[in-house]
Amino acid sequence: MESSVKASVDSETESSPGVNETAAASGQRLSEKTRQQADQPKTQDDLVEQNSSYVQDSPSKKRKLDVEIILDEKHSEDDGGASKRSKLERGGGSEDEPSPGGLTERKRKLQPQDALETQTRKFQKLEEGHSSAVAAHYNELQEVGLVKRSQSRIFYLRNFNNWIKSILIGEILEKVRQRKNRDITVLDLGCGKGGDLLKWRKGRISRLVCADIADISMKQCQQRYEDMKCRRDNEYIFSAEFITADCSKELLVEKFHDPEMYFDICSCQFACHYSFESLEQADMMLRNACGRLNPGGYFIGTTPNSFELIRRLEASETESFGNEIYTVKFQKKGNYPLFGCKYDFNLEGVVDVPEFLVYFPLLTEMAKKYNMKLIYKKTFLEFYEEKIKNNENKMLLKRMQALESYPANENSKLASEKAGDYAHAAEYMKNSQVRLPLGTLSKSEWEATSIYLVFAFEKQQ
C-alpha cells in the first residue's frame with residue numbers, strides 16, 4: 001500500500017524570552033525558593049528566574065519548508081503495522097542518500113551487481129557504526145556516587161532536568177489513573193542506567209519494560225532494580241523486564257516475555273532524537289513507542305528543541321554555540337534536512353555521540369500513523385512556569401535541590417565562578433524586598449537547559 005503526504009509548512013522559528021541581565025527590564029519573575037546543601041540556610045520562597053534564550057534581541061527567522069514524503073507501507077509481522085521508505089525532495093533534489101534497493105531499473109543496468117553489494121555494505125556499516133558509537137558511549141559512562149555528583153558543575157542543572165521529568169511522569173500517571181487505577185504498565189524507551197526507576201516505584205505502576213541499546217547500561221539498570229527490591233522488604237514493587245536492543249532498528253514486541261503485552265505509558269527521555277538519522281529509524285522508534293499503547297495511553301518524553309537550536313546557530317558567527325557547560329556544533333548552516341541533520345553535543349567537557357535534529361511538526365505528523373494526537377509541547381521554561389504554581393511541585397523542587405541558593409553562605413560557594421553568571425539574581429535583589437537567599441540557576445545553566453522541550457501524545461480511541 002502506498003500513500004503520499006504533501007505539506008507546505010510556513011514556520012516562524014520559535015524562541016523563548018531572551019537572556020537579559022537587568023531583572024526589571026526583562027520582566028524576570030519570582031516563583032520559588034530552594035534548599036541547597038544541608039549546611040545552608042533556608043532559602044526564600046521565591047526563585048529568581050533568568051529568561052533563558054541564548055541570544056538577546058535576535059530576530060526570528062521565517063523558514064518555508066516544502067516537503068514531500070512518499071511512504072511505501074508494507075505489511076509487518078507483528079500487528080499489521082507498516083514499515084516505510086521515504087524520498088525527501090527539496091527543490092527537486094533528494095536529501096537522502098538513495099539505497100541500492102531504491103535505484104531505478106535504468107540505473108541498475110548501468111551498475112554491476114558487485115558494486116551494488118559494496119554500496120549496500122558501506123551503508124549498513126555506517127548505520128551500524130553510529131549505533132555502536134551510541135552504545136559504546138553510554139556503556140563507558142561511569143557510575144557516579146552522590147558525593148561526587150553533588151560536586152559537579154552541573155549538579156543543579158541535572159536536578160532541574162530531573163524535576164522536569166518527575167513532574168511530567170507524575171502528571172501523566174494521574175491522567176492514566178483517571179481511567180484505571182490498577183495494573184498500570186509502562187515502557188521506558190532508552191532507559192539508560194535506570195534513572196527513572198524510583199519515579200515508577202513512587203507512581204505505583206504494576207509492570208515496567210526497560211529497553212536500551214547499551215548492554216552495560218541495561219545491566220546497571222537491572223541491578224538498580226534488584227537493589228531497590230532488596231531495600232523495600234515488604235513494600236510492593238512493580239515487576240520488570242530488561243531488553244537490550246536498538247529501539248530505532250529492532251521491533252521490541254518480538255522480544256517481550258509476553259508478546260500480547262500492551263502499555264498505558266511509553267516514556268522516552270532525552271533519547272528519541274537519536275532515531276532521526278533516517279525516516280526508517282524514526283518510524284521504528286515510533287512503532288515501538290506507540291504501536292503497543294492501549295487506547296487512551298500516552299507517549300511522553302523530552303528532546304532538544306530544533307527551533308531553538310537553529311535559532312542559536314543562525315545567531316552565532318560560526319557553526320557552533322554554547323558556553324563553558326555545553327557546546328553544540330553543526331556541520332554547516334542553512335541546510336537542515338528533516339532526517340540525518342547531525343550535530344555534536346558536548347556537556348561539561350564530555351564529548352557526546354552525534355545527535356540528530358528533530359523537526360517537531362514532522363514528528364507530530366509521523367505519530368498520526370499510530371493514531372497518536374499531540375496533547376502538548378512546551379519548552380522547559382514554559383513547563384516550569386506552569387507547574388511551579390502548584391505547591392506540591394514547589395516542595396518537590398526543594399527536596400530535589402533543583403535550584404541553587406544565592407548568595408551562597410560562608411560555608412559554601414556558588415557553582416559558577418564565571419563573571420556575570422548570577423547578575424540576574426543580584427539585580428533582582430537590588431530592586432526587590434526579598435528574603436535571602438534566593439533560588440536560581442546560573443545564566444550558563446539556564447542557557448543549557450532551555451534547549452529542551454517536553455511533549456505528550458495520547459493514543460486515540
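The backbone N, Cα and C atoms fix where each Cβ goes, and this holds for glycine too.
It should be emphasised that the depicted structure is a prediction, and the values quoted were computed from it without experimental measurement.
The following features are taken from Swiss-Prot:
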type	residues	note
BINDING	N161, N162	mRNA binding site
MOD_RES	S11	phosphoserine
MOD_RES	S15	phosphoserine
MOD_RES	S16	phosphoserine
MOD_RES	S58	phosphoserine
MOD_RES	S94	phosphoserine
MOD_RES	S99	phosphoserine
REGION	1-117	region 'Disordered'
SITE	K193	site 'mRNA cap binding'
SITE	K199	site 'mRNA cap binding'
SITE	R224	site 'mRNA cap binding'
SITE	H273	site 'mRNA cap binding'
SITE	E355	site 'mRNA cap binding'
SITE	Y452	site 'mRNA cap binding'
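Annotated features taken from Swiss-Prot, shown on the structure.
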| residue | record | Cβ contacts under 8 Å, 6 or more apart |
| --- | --- | --- |
| N161 | mRNA binding site | T302, F380, T449, Y452 |
| N162 | mRNA binding site | G195, M400, A402 |
| K199 | site 'mRNA cap binding' | K165, S166, I169, G170 |
| R224 | site 'mRNA cap binding' | K193, G194, L197 |
| H273 | site 'mRNA cap binding' | T303, P304, E355, F356, L357, V358 |
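Each of the recorded sites K193, Y452 was assessed for Cβ neighbours inside 10 Å, and the highest tally belongs to K193. In the three-state DSSP scheme, N162 (mRNA binding site) falls into the helix class. Its own atom aside, the Cβ of E355 (site 'mRNA cap binding') has 22 Cβ atoms within 10 angstroms in the protein chains shown.
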